[in-house]
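This report refers to the structure that appears directly beneath it.
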Amino acid sequence: MTHIYDLLIIGGGPVGLFTAYFASMRNADVAIIESLPQVGGQANALFPEKEIYDIGGIPKIKAKQLIQQQLAQLELFQPEIKLSTTVDNIIEQADGNLLVTTNHGELQAKAVIIAIGTGSFAPRKLNNVYDPALEDNGQVTYFVKNLADFADQNVMVAGGGDSAVDWALALENVAQSVTIIHRRDQFRGLESSVQKLRDSTVKIMTPYLLNQVTPAADQLQIDLKKVKTDDHQVVAADKLLINYGFVSDSRLLRQWQLDLAGSKIKVNTKMETNRPKVYAVGDAVTYPGKLDLIAVGYAEAPIAVTTALQTIYPEKIQPLHSTSLFN
Ligand SMILES: Cc1cc2nc3c(=O)[nH]c(=O)nc-3n(C[C@H](O)[C@H](O)[C@H](O)COP(=O)(O)OP(=O)(O)OC[C@H]3O[C@@H](n4cnc5c(N)ncnc54)[C@H](O)[C@@H]3O)c2cc1C
């Protein structure tokens, strides 16, 4: 029999994670659907090392730490988190439930809360530099899912931001060798991390661009071009990890029959969209006075969950304070 969730939360950014936590506290059967292989939304993908100063009760916290704390908070309930899964559409069914179609099949729920921020993220890919088949066996990759996959390998990391620097340092402990290449002499990563990188055994090659990546026996042959020169260097590596940032895409949203203002979903003060049992929160929404801040999204989450549960379980009294749930 098909499982019917109470709530499906689309998007595992900070607001989606808190929505899932709050819904779990209310005993709802929830799952989060996230298009990336990692949760954390913009905070993890775009500014993991940046300090955040505007969350109530927390003087300052690194973005990636905030996401770790949110995951720790979710541990209590362990809702399902479906990673690498992108929602294509939300379809009303004759029985009143919603069918959520994804790239990995269909799911059903009594209600849906959209927390997709600025749209689905995908790594900024390099065109024409390598055969995409090299991604199939993980020789060229955009994510580190498991550090052990890089054990005893000669790894080249491409990129100059926080992620590239952090991964180069993390891989130094497991890989046989790590080389980082960047098109500028200066790295954009946090100063203390860049200093750690310069003090590490990671080989730094700047200013170089990836020119051509070709398979050679079990390895990759990576042709690097020195910026603004005709100089080339060919380096062998077992794996290439590319970290050139992310691009977001809000085109899917346009197929979901929602009232939009630009690329934002219009909601009322109960976080209701124009569609029955479809609610939205976080950076994805707009209303008069809306601010794209995590604190604002956190405030919208309990409103959306409460409205959704009142709609799908009108007979249930919804408690207001968490103490009445844990006692
Ligand atoms: C550089 C920078 C600095 C910032 N600094 C601060 C700050 O100091 N304080 C602050 O409060 N805010 C800050 N913000 C804003 C903050 O990041 C956003 O308000 C917050 O991330 C919104 O969270 P969200 O969960 O609504 O959306 P997002 O963080 O955008 O997460 C949405 C998630 O949904 C997923 N998704 C999208 N479409 C689909 C789909 N179709 N199917 C499945 N999954 C999907 C995405 O992959 C993503 O993981 C900053 C933003 C940037 C860019």
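In case you wondered, yes, glycine gets a Cβ from its N, Cα and C as well.
Keep in mind that what you see is a predicted model, and the values were worked out from it rather than measured.
TrEMBL lists Glu34, Gln42, Phe47, Val87, Phe121, Asp283, Thr323 with the feature FAD binding site. In this structure, Phe121 (FAD binding site) is part of a beta strand by DSSP. Counting only residues at least six positions away in the same chain, the Cβ atoms of Ser35, Leu36, Gly41, Gln42, Ala45, Phe246, Val247, Ser248, Asp249 sit under 8 Å from the Cβ of Phe121 (FAD binding site).
In the predicted structure, the domain 'FAD/NAD(P)-binding' (5-298) carries a mean pLDDT of 94. Feature annotation from TrEMBL assigns domain 'FAD/NAD(P)-binding' to 5-298.
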If H, G and I count as helix, E and B as strand, and all else as coil, what does DSSP give for Asp283 (FAD binding site)? helix
By a 10 Å Cβ neighbour count, the lowest-scoring of the binding-site residues Glu34, Val87 is Val87
